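Chemist: Okay, these came from TrEMBL:
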REGION    1-26  region 'Disordered'
REPEAT    81-122  repeat 'WD'
REPEAT    300-341  repeat 'WD'
Amino acid sequence: MSYHNGYNSNPHSHSSTPAPQDQNGNSAVKVQPLLCSGHTRPVTHLSFSNLLDDGTYLLISACKDGNPMLRSWLGDWIGTFLGHKGAVWSSKISLDTSKAVTGSADFTAKIWDCNSGEALHTFAHNHIVRSVALNPQQTPQYLLTGGHEKKIRLFDLGRPDAEPLVLGSRPDGLSCDGIVRSLVWDEGSGGTMGVSAAEDGQVRWWDLRTLSQTASLDLGEPITSMELAHGGGTLSVTAGKKVHFLDILRQHPPVTVELPHAPTSASLHPFARDRFVTGSTNDPWVRVYDLDSGKEKEVYKGHHGPVLCASYSPDGEVYASGSEDGTIRLWQTNPGKSYGLWQTQD
């Protein structure tokens, strides 16, 4: 069995980092991230599920060890999806949390059962799959994949043996001029719109009914990541040293923040929408920036290698960071607040 319904006997350890200081240099709260271990290689991608009816959620991690992991909202390990034969670059959870999808350097994308851990389908490609996305509807269910082939494919999960459709109508059969780094399925448009981000610097909007490109935005340099904020509406896109916040409906102009370090990814707070968290290949620090001013609000050291990915939980109470050091750390948005495994003594 590739999946275990149980918990590690010691899934967490606390490591502390100095808290932000006030103007008088007083540090009021000690920041204690939760350490989630288990991976043996760099963690490449983190994705939270949507908020469930009971207020909890799930977290899935992709890793170069080829073994994506599912965790509870507390950070507790639930199971490992075993079956890939290469690094996993992208992992996401379906809207109803019954399925997960992963894209790998073994030239496949896989659909998994989140309850049993079994692989339901394996979709072969001709090169590395860098990004995957499931449509928000439970039925019918579709999968978007993209990667080094520069093609974006649309698979019908109800007909997994059928040939996929390729987005775009170019004579060369490609969807983009660069490696596809990220795919997002818009949750607000009835499941008819997808967005891609590629190393050619282009963010492209697609009508998935006609497979045609409806709009594009040239960011002028290779895109490294793209995330749709929980609750929808805003895309966080990193390219060079800039983070671009794009209205997915393209009704408002982009907001661009330039940072001192080139970010590996950026995640916008789902409710406040006033801050974002980033990692960087320059150092092992996790940084939170103010969206309006672009100023650094918080900076934390816990990792022992560059931070390759960072993402907010759907309730905005936590953000997760994944590192070259093979660990995931969970950080509180409001240190000192009782939440999950962080319980304060009154």
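Positions of Cβ are set from backbone N, Cα and C atoms, glycine also.
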Chemist: Go through the chain and flag residues at least 6 beyond the ends of the repeat 'WD' (300-341) whose CB is under 8 A from any CB in it; none is fine as an answer.
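Modeler: Contacts of the repeat 'WD' (300-341) (Cβ under 8 Å, skipping residues fewer than 6 from its ends): 12, 15, 17, 19, 28-37, 39-51, 55, 57, 59, 61, 63, 65, 71, 73-75, 225, 227, 229-231, 264-272, 277-288.
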Chemist: Are there residues at least six beyond either end of the repeat 'WD' (81-122) with Cβ under 8 Å to its Cβ atoms? List them, or say none.
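Modeler: Same-chain residues near the repeat 'WD' (81-122) but 6 or more away: 1-4, 41, 44-45, 47-50, 52, 58, 60-70, 128-134, 136-138, 141, 143, 145, 147, 155, 157, 160, 182, 187.
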Chemist: When the pLDDT values for the repeat 'WD' (300-341) are averaged, what is the result?
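Modeler: Averaged over the repeat 'WD' (300-341), per-residue pLDDT gives 97.
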Chemist: Provide the three-state DSSP residue tally for the repeat 'WD' (81-122): helix first, then strand, then coil.
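Modeler: Summed by class, the stretch gives 0 helix, 22 strand, 20 coil.
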